């Protein structure tokens, strides 16, 4: 089982670190270098690789400082990211598999456009690092892509096994769940999950990881195929909802203004 640690950054980011048995570490989306450096030093680890999900600065802003720090210690690491990223040493495309020293299984690359056009997700064993595409109880805003792209991306992620652990990049869960309750107030699984997350946050613990099985039961953006979400969206928008992509687009607009 992977040893995955959250490194809090900024107001609500998580930089995820996979601690490797050989003393290495793989870091996902290091938007800030110092929390990563402090963790590496505290655990006496060497940074082996960086996985980049997309180009927003709160995800890649620490890479140059990390490179300078590694070089000053006689070390180096490899950055795996989109073909559009200036930081990428290895250019990753949908369907690629990447072998990283210290990981017992290859990293699978998924293209998941919507939040950004070049957004990637990485699957390592049963762990999904999905950046800002899928959140617990929500999904990322459409900054570059459209609802059709986001729908396909969420469907791709939802096709993974239900026990897949969801490591998204922000602690947005409680805010997302308030919206989810507005959409499906009678969803018992959602009500139970809200209590669970409240307990975790009151104990100052991350709400993550979630699981895909949980998200399919509580996340309205993965439930646009259900009658309850369709009805709620139609009532809120005051219009017919002819298909799931339209439902997702209207749901995202509702959330943007919630």
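Glycine is no exception: its Cβ is also placed from the backbone N, Cα and C atoms.
What Swiss-Prot lists as Zn(2+) 1 binding site is 54, 56, 115, 132. Here Swiss-Prot flags 58, 59, 132, 170 as Zn(2+) 2 binding site.
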Cβ neighbours within the same chain of residue 132 (Zn(2+) 1 binding site) - under 8 Å, at least six residues apart: 53, 54, 56, 59, 115, 116, 119, 140, 168, 169, 170
Mapped DSSP class for residue 56 (Zn(2+) 1 binding site), helix or strand or coil: coil
Other C-beta atoms that fall within 10 angstroms of the C-beta of residue 59 (Zn(2+) 2 binding site): 25
Check: same-chain CB within 8 A of Zn(2+) 1 site center, minus 54, 56, 115, 132: 53, 55, 59, 116, 119, 131, 133, 140, 143, 169
C-beta crowding around residue 54 (Zn(2+) 1 binding site), within 10 angstroms: 27
Count of other CB atoms lying within 10 Å of the CB belonging to residue 56 (Zn(2+) 1 binding site): 18
Environment of 58, 59, 132, 170, the listed Zn(2+) 2 site - residues of the same chain whose CB lies within 8 A of the CB centroid: 13, 29, 31, 53, 54, 56, 131, 169
All-chain count of other Cβ atoms within 10 Å of residue 115 (Zn(2+) 1 binding site): 25
Neighbour count (Cβ, 10 Å) for residue 170 (Zn(2+) 2 binding site): 20
